[in-house]
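A.B. asks: Submitted below is the structure of interest, expressed as C-alpha cells.
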Amino acid sequence: MTDPLNPGIAPAGNFIEQIIRDDLATGRVQKVVTRFPPEPNGYLHIGHAKSICLNFGLAAQYGGDCHLRFDDTNPEKESQEYVDAIVADVQWLGFAWSGEVRYASDYFGQLYQWALYLVDNGLAYVCELNGEQMRDYRGTLTQPGRPSPFRDRPSSESRTLLEAMRRGEVAEGAMTLRAKIDMASANINLRDPVLYRVRKVAHHRTGSDWNIYPSYDFAHGQEDAIEGVTHSVCTLEFAANRPLYNWFVEHLPLPSQPRQYEFGRLNLTHTMTSKRKLKQLVDEGVVDGWDDPRMPTISGLRRRGVSAAAIRQFCNSLAVAKTDGVVDIAQFEHFIRDDLNNNAPRAMCVINPLKVVVTNCQQGELLTVANHPNRPELGERQLPFDAELYIDAGDFSEDTTLSRKKFKRLVIGDYVRLRGGYIIRADEVVRDSDGAIAQLNCSLVEGTVGADGPDGVRPRGVIHWVSAIRSQPAELRLYDRLFNSPEADGGDGELLEQINPDSLKVVANARVEQSLGDAALGVTYQFEREGYFTREDSAGEQLVFNLTIGLRDSGRGQG
RNA sequence: UGGGGUGUCGCCAAGAGGCCUAAGGCAACGGGUUUUGAUCCCGUCAUUCGGAGGUUCGAAUCCUCCCACCCCAGCCA
C-alpha cells in the first residue's frame, strides 16, 4: 500500500504516525527519538510488548532511535533481577535499542539541580505536611484544595531544607519538595504535586548515594528531554499527567522539548496485565514464577513455546488508538497458531497410548516422512515402524455404528491410515482380566505406504502413532487458561477465586517418536493432530514438553 | 460530582461531508481440497455508525443536547 500523493511512502497508520509525519514535515523534529521506559519492578508482559513494538517500530519506520530506559525512581519496589529480565526479554523480542541501556538514576544529579532551580525561582517549596494532612489539603474531585501552610516560606529556607533532606537529615515522611502550581486546579495533578520524597533506602544502582528520590512526574519528562526524546508515547492513564509534564518543560531550562502522547493499552480477555497482581500470583505460589508457562509474561510465553515473531505480528495487528477495549484472546491465539503452522516441524506423540499389534508385520522398518506438509525445505526424518505400535486410545471406538463422516478413526473391521505409513484394519480387541481394552490386533495393507489402498480399502481417516519399541516415554504439561473469567483484569480481591483449577494437567505416560529424544530447546513442534509443544528447559535429561497451544478444532470429533 | 478521554457487526478496527445501501482482521456459520477432523480455498456475517434533535441537495463524518463507559483525589509508575 502506498500513498498516491507520496509514492513509496506508506500512509500514516495511526494518529501517532500522523503526528510524527507532521512534525517531520514542518521541521519541528529532525529525527524521531522514542523510548521504552519500564520500571524494573516486575517482569514484562504481553501488554508491554505492544508498547515495545510501537516505540521501536516507530523509530525504525521513521529512521529514528529508540532508547531502552529504566524508570528506576522507586528503589523500594525495584531490583536488578527485574532489570536483567527486562533487558533479556526486549532482546529476545528482537529489538535493539540505540546506545547503552539508560536509567533514570543516571540523571539523579541533574534532576536534583533542576529541583534547586525551581526552589530558587520560587516554583517549588519544601512542605512539612504529613501524608494525611496533604491529602486533606489537596481537596477532592469536586472541591478545590487549600494551600499548604509551608507554601510561601522563603525560597532560601526551602533550599536549606531540601539540602538537608538530600543529606539524610530529615526523617522519611517528614518533608517533601512540592511544585508551586495551583491548589485550585480542576486537574488534581496540578495541585502542588510532590517532586521529591525522603526514602532512606539503598537503590539497586546508586546504592546509598541518595536519601531522596524524584517522583515519576518530576523525572519522566526531564529524562525524555535529556535524551532528546521527541515523542514520548505512553498509555492513556497518564493523560491527566500531561499538563504537569508540560509544566516542567515550560518552567525548566531543558535541553529539548519532548511531547507526550497517549494510546490505549492492550487488554486481553482471560488475561491479567497488572504487574502488581502478577507479582501476587508469583509471591503466593499460585504459579511457578514469573516465567510460568501460564503467565502472560514475555518469559512465560517464551517458555510456553510462543515465538517472538508471533508476539510481534500480534502487536502490529493491534490498533494504536485512544479506545480502551479488550481484545479477545482468540486473536492472539490466531497469530500464535499462524506462526507455528508455518514454521513448526511436525512430529508424532501419543498422549494416551493404546497398544496395537500389527499381526502381519514381518519385521520393523524405517519410514521416511516430511517434517512439514508444505515446506519440503524443512527436510525429512526417519520414523521407525514396528509390529507393536501405540495409537491414542481416543482414536479407537468399539461402536461400529459410528458413521465414517462422524468418526474418522478406527473401528473393528474398518481401515485407517497411519500418518506417514500404512493403511491398517482393526481386527480384534484383546481385553485384560477386568474386561478393559488391553490391545488391538490389526493388519496392515501391503503396499500402502505413500500410496492409496486397493479398491475397497478406503481409510476412514488418518491417525497418528509411534512404534512401541522404538519410541520414547515423555511427560506432557497441558496448559489451559489461568483465568476462567474473560474479565480477568476486572475487580480486586477475588483474584484467586478466578483461577482455573485445571490450568495445568500433567500427562506422565505419553510416548513420543524416536526423533524427539533429542528435541532441541527453544523449538516448538507440532505434534500432529494434537497441538504445538516445546521442550521444557528445567527438566534436564527427562523428556518434558509444554503445550504451547492446541490445534484449531472444528468440533464434531470426540476425545 | 470537577477535570481528562472514549463510544462504528459478538471482539479489535478503517472511516477526516458525497467514491459508505460502511474496508479489513478475529470469532462464528455453510461448502470444497487434504495421508494432520490442522493448513489452504470459496461463501455468509452492520440499509447501519451510543441516543435524540438540527445544519445540508447530501452526515458515521459538522452543530446542540442527552446517555454510557474508562482515567485522575500514592510522599506508585
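FYI, residue positions are counted from 1 along the chain as it appears here.
Note that Cβ sites are derived from N, Cα and C of the backbone, with glycine treated the same way.
What TrEMBL says about a protein is an automatic prediction, not a curated fact.
Grabbed the feature section from TrEMBL, which reads as follows:
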type   : residues  : note
DOMAIN : A:31-341  : domain 'Glutamyl/glutaminyl-tRNA synthetase class Ib catalytic'
REGION : A:139-158 : region 'Disordered'
DOMAIN : A:344-444 : domain 'Glutamyl/glutaminyl-tRNA synthetase class Ib anti-codon binding'
DOMAIN : A:462-534 : domain 'tRNA synthetases class I (E and Q) anti-codon binding'
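Where in this structure would I find these features, and how exposed are they?
C.D. replies: Within its own chain, the region 'Disordered' (A:139-158) is flanked in space by residues 119-122, 124-129, 177-178, 180, 183-185, 188, 191-192, which lie at least six positions past its ends and keep a Cβ under 8 Å from the stretch.
Mean pLDDT of the predicted structure over the domain 'Glutamyl/glutaminyl-tRNA synthetase class Ib anti-codon binding' (A:344-444): 97.
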A.B. asks: For the domain 'tRNA synthetases class I (E and Q) anti-codon binding' (A:462-534), DSSP counts of helix, strand and coil?
C.D. replies: 10 helix, 34 strand, 29 coil
